[in-house]
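**Student:** For reference, the structure I am asking about is given below.
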Protein chains: 2
Amino acid sequence: MAFVSLWFKTVNSMKVVKFGGSSVANAEQISKIIDIVTADADRRIVVVSAPGKRHGDDAKVTDLLIALATAVLNGENHESALKAVVDRYAQIQHELALPKSVVETIEADLRGRIGSRGSNDLQFMDTMKASGEDNNAKLIAEAFTKKGHPAKYINPGEAGMLLSDEFGNAEVLPESFEKLAALKGESDIVIFPGFFGSTKAGDVATFPRGGSDITGAILAAAVKAEVYENFTDVDSVYAMDPRIVPNAPAIDLMTYREMRELAYAGFGVFHDEAIIPAVKHEIPICIKNTNRPEAPGTLIVPERKYEQTEVAGISSADGFCAIYIDKYMMNREVGFGRRLLQILEDEEISYEHTPSGIDNMSIILRSEELGKKEKTVVERITNELAPDAVSVEHGLALLMVVGEGMHYAVGQAAKATNALAEHGVNIEMINQGASEISMMFAVKEIDRKKAVLALGHAFFG
Amino acid sequence: MAFVSLWFKTVNSMKVVKFGGSSVANAEQISKIIDIVTADADRRIVVVSAPGKRHGDDAKVTDLLIALATAVLNGENHESALKAVVDRYAQIQHELALPKSVVETIEADLRGRIGSRGSNDLQFMDTMKASGEDNNAKLIAEAFTKKGHPAKYINPGEAGMLLSDEFGNAEVLPESFEKLAALKGESDIVIFPGFFGSTKAGDVATFPRGGSDITGAILAAAVKAEVYENFTDVDSVYAMDPRIVPNAPAIDLMTYREMRELAYAGFGVFHDEAIIPAVKHEIPICIKNTNRPEAPGTLIVPERKYEQTEVAGISSADGFCAIYIDKYMMNREVGFGRRLLQILEDEEISYEHTPSGIDNMSIILRSEELGKKEKTVVERITNELAPDAVSVEHGLALLMVVGEGMHYAVGQAAKATNALAEHGVNIEMINQGASEISMMFAVKEIDRKKAVLALGHAFFG
């Protein structure tokens, strides 16, 4: 019976914990994470980043590694760049009173990577960048063990983290999940470096942006974790941007969908694409603070109970623009919209929304997407679609009012539009109903803060 | 100097007047139109339809002609069908005390058309249908002249109304406008049959739906008319559907754009596509009532002065549906929207709007457009776009709140959404800002009348 209980314990109550760069930047932070992990026996798999910034002006180890790899690729003397990396680990080793051999191993590892450089520069760059997480994981495993908590560094490639061979932009291969599920059987605490895996050919390859978040999400999905705890440097996600609304309430619980809608316009806690594996496998995600682990954090779940009038949060972001196109009888012209979107696709421009009137259509997009292509796009629209008018409005901000019950509540739109009108904010665009859980407003950038305060007052008092 | 004045009079103060089928359905109505035309010396060009219904159960002459042509095409005895057509003209001739030869000429004309039937059935059908307007124009010209107002029937083909050879769906050829401008020089009142013209090969071809409206709009543009008067059986266009709001105010003046937005959802005074030639040449259009010509009617102009808070009208229509598509991370998928629209284009389905959330997109379309293709479309979306979910919501109504100043007024959205909320109408969708002059709401069909009343009360008191 004891065995069965233990087995259930292992399978059902395992937490995957991920620590970002600032949480593993120095000895002090690493001590905190050891305390956090060992405070809960379910925290069995720990994903770590490379050491991040210790203060505002500091360099991230990943950036030092990019400088080192670049020096090597340029055939320059790279000893000082190498020393800068090794010194960061040496300081941590010293402060944690780990054996010097730890740093010697790291230096040997780096020289080995440089020495075995092949003909593919992207692959070499990935190998060098990945060493940041890889060596930090080895060091942190030693630190856990030294403190009396047996921990084991796991090599991603050996454990089955198999990636496509798109260096710098790799994707996990489907077979990885089954292989990585074996990590459930480890008796020691697993210290798993984030950000990279191995191609089938055995080369190191890295994920795109948010790499360590991706690793954690994959492991959480593979071992069917009870929860994926993502430790950052904020207590929780807030219902509004605390820079605009200093007393914004924390969000205790929200759904993946709410998180997506909020993340879209300014909720930059993590890169939302990174957590897809966890979302797909319906693993709850908890955002917590390494520096205040006692705070409950924000739990993000597949579904939650909700009140119809309840709003989860209000997010906002500057930097949008709109292309307006007018053409009499446009809506009788078969293929007009499709041809317009084809122009954007040809020019490799991502757009956000395409609200339309009767004889007009707008494309809402991020200003950085349009950028220098504006002239080309306007010319192509003019020549290929023969509109009566085409113009571009810059300086728009988007606001999202997000809540699972939004679609079912009479009067939510009235509450929002009233609040904006009372504060003198002109609404450039409203888009409600496409999504069941959000209302979107476009306002001028100069009105954004005023609009957030107005909506915050209306929905959160 | 007298000559110069007269010349200016002819060029600058010419009105093109169009009468629909109910305005020329019998002798009583034709007498009215003679009074109307002769009451204003500027009414120089009169476009007439075929005789329409005299009462609810009556047949339109055009429908009698289609029955006649069908009998001929089927090789059936068509004498009774022929007699039905001739009898309608005979009754009008008798009541107007015109010579019997008028009817004899019409009967000979119809037998001539049947006798000269060629191998192209569509062309034959067009020839037969067009005779309805053509013979009515001849008869009406006689009636004007008999009453002491010299009037001249004009044959469209001879006057230069040249059309593409798409029988039943012809378009005017650009050179027609210059040729038709010569009508300015006619000293008699011009009676011009609507609905048809001639191909370059000399065959009769008809316009699509709204054919006589198209003829009037083309002539108004060709002669640069001061105004294009479109006589129907309503006093004016109303700010709301009088069947829902019996005391709805009349619209005295609106812009083309307002007309388009209102026409889109239920303002069925005329087929808005029909008047494109007048709109393109910026000819004002006046909707008037043959039965109450003293009523000022509704004037539709290129531009007007407006108050920011002024709403021109509120229209609504049932019969819409929405295809909802959810896919996590949809908005990062390049080409998703374009591929979705491509499916609709492949299936020859026109859509109205494509509001989008972050991870979802809706297609709003007329239910009749989706119809039996629903299963195919849903399957193609499922197979080709791999969404997380796709569903179709039926029974939606669209409401348009239209006014030139809409875009610039803070609080219009609040006023509308408040009104709907206070009356317990849930808003399925809001689309504001794509068009500068309207706000669109989708509600359930069962809520439509309540919604119109609520908005009417809010904007018109």
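Here the Cβ of each residue, glycine as well, is placed from N, Cα and C on the backbone.
Caution: TrEMBL annotation is automatic and unverified by curators.
Per TrEMBL, the feature ATP binding site maps to A:LYS18, A:PHE19, A:GLY20, A:GLY21, A:THR232, A:ASP233, A:TYR238, A:ARG243. Among the features that TrEMBL reports, substrate binding site is placed at A:THR62, A:GLU133. The annotation domain 'ACT' is assigned in TrEMBL to A:401-461.
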**Student:** Is A:ASP233 (ATP binding site) helix, strand or coil when read with DSSP?
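**Tutor:** The three-state answer is coil.
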**Student:** Just the number: how many Å between the Cα atoms of A:LYS18 (ATP binding site) and A:GLU133 (substrate binding site)?
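**Tutor:** Each residue's Cα considered, A:LYS18 (ATP binding site) and A:GLU133 (substrate binding site) end up 12 Å apart.
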**Student:** For the domain 'ACT' (A:401-461), jot down how many residues DSSP puts in helix, in strand and in coil.
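**Tutor:** Breakdown, helix to coil: 30 helix, 13 strand, 18 coil.
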**Student:** Could you check what DSSP calls A:GLY21 (ATP binding site) once collapsed to helix, strand or coil?
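**Tutor:** DSSP assigns A:GLY21 (ATP binding site) to helix.
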**Student:** In whole Å, could you give the widest CA to CA gap in the ATP site formed by A:LYS18, A:PHE19, A:GLY20, A:GLY21, A:THR232, A:ASP233, A:TYR238, A:ARG243?
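**Tutor:** Of all Cα pairs among the recorded ATP binders, the widest measures 26 Å.
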**Student:** Measuring Cα to Cα, tell me the gap between A:ASP233 (ATP binding site) and A:GLU133 (substrate binding site) in whole angstrom.
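**Tutor:** With distance taken Cα to Cα, A:GLU133 (substrate binding site) is 19 Å from A:ASP233 (ATP binding site).
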**Student:** Calculate the distance in Å between the alpha carbons (Cα) of A:GLY21 (ATP binding site) and A:GLU133 (substrate binding site), and round it to a whole number.
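**Tutor:** The separation of the Cα atoms works out to 9 Å.
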**Student:** For A:THR62 (substrate binding site) and A:GLY20 (ATP binding site), what Cα-Cα distance in Å is obtained after rounding to a whole number?
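**Tutor:** The Cα atom of A:THR62 (substrate binding site) is 12 Å away from the Cα atom of A:GLY20 (ATP binding site).
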**Student:** Spatially speaking, which of the binding-site residues A:GLY20, A:TYR238, A:ARG243 is closest to A:GLU133 (substrate binding site)? Use C-alpha to C-alpha, please.
**Tutor:** A:GLY20
**Student:** Sort A:TYR238 (ATP binding site) into helix, strand or coil using the DSSP assignment.
**Tutor:** strand
**Student:** Out of A:LYS18, A:ARG243, which has the highest number of nearby Cβ atoms, where nearby means within 10 Å of its Cβ, if these are the binding-site residues?
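**Tutor:** Counting Cβ neighbours within 10 Å, the top one is A:LYS18.
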**Student:** When you measure from the Cβ of A:GLY20 (ATP binding site), which residues in the chain that are at least 6 apart have a Cβ under 8 Å away?
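**Tutor:** A:SER49, A:GLY52, A:SER212, A:ASN230, A:PHE231, A:THR232, A:ASP233, A:THR290 - these are the non-local Cβ neighbours of A:GLY20 (ATP binding site), listed in sequence order.
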**Student:** Using DSSP and three states only, what is A:GLU133 (substrate binding site)?
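**Tutor:** DSSP assigns A:GLU133 (substrate binding site) to helix.
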**Student:** Report the member of A:GLU133, A:ASP233 (the binding-site residues) whose C-beta atom has the most other C-beta atoms within 10 angstroms.
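**Tutor:** The most densely surrounded of these binding-site residues is A:GLU133.
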